[in-house]
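Only one structure is covered here, and it is reproduced in the block below.
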Amino acid sequence: MDTMKPFMSVLATGKSLTKQEAGDAFKTILSGAATPGQIGAFLMALSQRGETLDELLAGAELMRELVVPVDAPDNAIDTCGTGGDADSAGGGTYNISTAVAFVLAGCGVPVAKHGNRSLSSKSGSSEVLEQMGVNLSLPPERISTCIHEAGMGFMFAPAHHSAMKHVGPVRAELGIRTIFNLLGPLSNPAAAKYQLMGVFDDKWLTPLAETLKGLGSQKAWVVHGSDGLDEITTTGPTSVAALEDGTVRRFDVSPEDAKLPRAKPEDLRGGTPKENAAAMKALLSGEKSAYRDIVVLNSAAGLIVAGQAEDLENGARMAEQAVDTGKAKTALDKLIEISQQG
């Protein structure tokens, strides 16, 4: 249990850990060799000082090393956020990134979606998928079949990151965001090289994009809405850190870029998993709404990341077509069917 002491001594002085030190500390924690008190103190120290790129990279590399992997096409994309929409929509939005996954699949882009139960909203991706009839208790090879045949597969984080069981109770007791809120979306079990990632605070945009670069991502957008959403919002502008050709650049986008109307925060407010599942089915069946608009906007960004669209306007029209022709709904229906065979 003394193995954490050298790292705690460094953190106690306010200094940062080297990548090697951070990696060794995470190995100690994820192997079960650290006490709950040490884990809590470690996470709190990082949070208080601010996590560094080396610490993020070391943690993400180890989590990817320990993951139960899933085979996916080389051009697979992940649409996973850190969570953090509780305040921005007065209690949580509809499931945006999950609906985006079906739209992208409807456009022919394979999606390896990584997700968990809800952190901030009333209904996370796993809850709403279960409500719609998707079987989430699948072995890796069946998830791979879903990605290849339905165009979308869902990887439930606890099933792929078993080492996190050593950290879960401490995180719950701390009740604050820790480095693991950032590491989750960086640790895709299919090692997806393309990513549309939402984050709860714009201070993490560039660091997370740089971390994805270090992890070998080909192209990614890390986004944070001006209203606090960990999505591209339709209530105002959104800040983006885009990774492309090994370079990270910053810019802002707005719904007007995709010829979409602005929304009010209350128009995006979700409900229970049952209510959100009904809303998603209505959207995928062609119903027009503010929910549809924000899903179309985020899908447009996903299509840019996947190399299928030149800009948001072009991507938005492609996304709308995937919904209106029933292709996005077909992806959901196929996922339900294939997952239930598993």
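For all residues, glycine too, the Cβ spot is worked out from N, Cα and C.
If you look up TrEMBL, you'll see Gly81, 84-85, Thr93, 95-98, 113-121, Ser125 marked as 5-phospho-alpha-D-ribose 1-diphosphate binding site. Sequence annotations record features per position, and here TrEMBL assigns anthranilate 1 binding site to Gly81, Asn116. Residues or ranges marked as Mg(2+) 1 binding site in TrEMBL: Ser97, Glu231. For Arg171, the entry in TrEMBL reads anthranilate 2 binding site. Among the features that TrEMBL reports, Mg(2+) 2 binding site is placed at Asp230, Glu231. Here TrEMBL flags 11-65 as domain 'Glycosyl transferase family 3 N-terminal'. Summarising the annotation, TrEMBL assigns domain 'Glycosyl transferase family 3' to 75-328.
Features per TrEMBL, on structure.
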residue	record	contacts (Cβ under 8 Å, 6+ apart)
Gly81	5-phospho-alpha-D-ribose 1-diphosphate binding site	Ser97, Pro185, Met197, Gly198, Val199, Asp230, Glu231
His114	5-phospho-alpha-D-ribose 1-diphosphate binding site	Asp78, Cys80, Met155, Ala157, His160, Gly184, Pro185, Ser187, Asn188, Pro189, Ala190, Ala192
Asn116	anthranilate 1 binding site	Gly124, Ser125, Ser126, Phe156, Ala157, Pro158, Gly184
Arg117	5-phospho-alpha-D-ribose 1-diphosphate binding site	Gly124, Ser126, Glu127
Arg171	anthranilate 2 binding site	Leu43, Thr178, Phe180
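Highest local Cβ density among the binding-site residues Thr93, Ser97 belongs to Thr93, counted as other Cβ atoms within 10 Å over all protein chains shown. The DSSP secondary structure for Glu231 (Mg(2+) 1 binding site) is coil. Glu231 (Mg(2+) 1 binding site) is surrounded by 28 other CB atoms, counting those within 10 A of its CB over all protein chains shown. The DSSP secondary structure for Asn116 (anthranilate 1 binding site) is coil.
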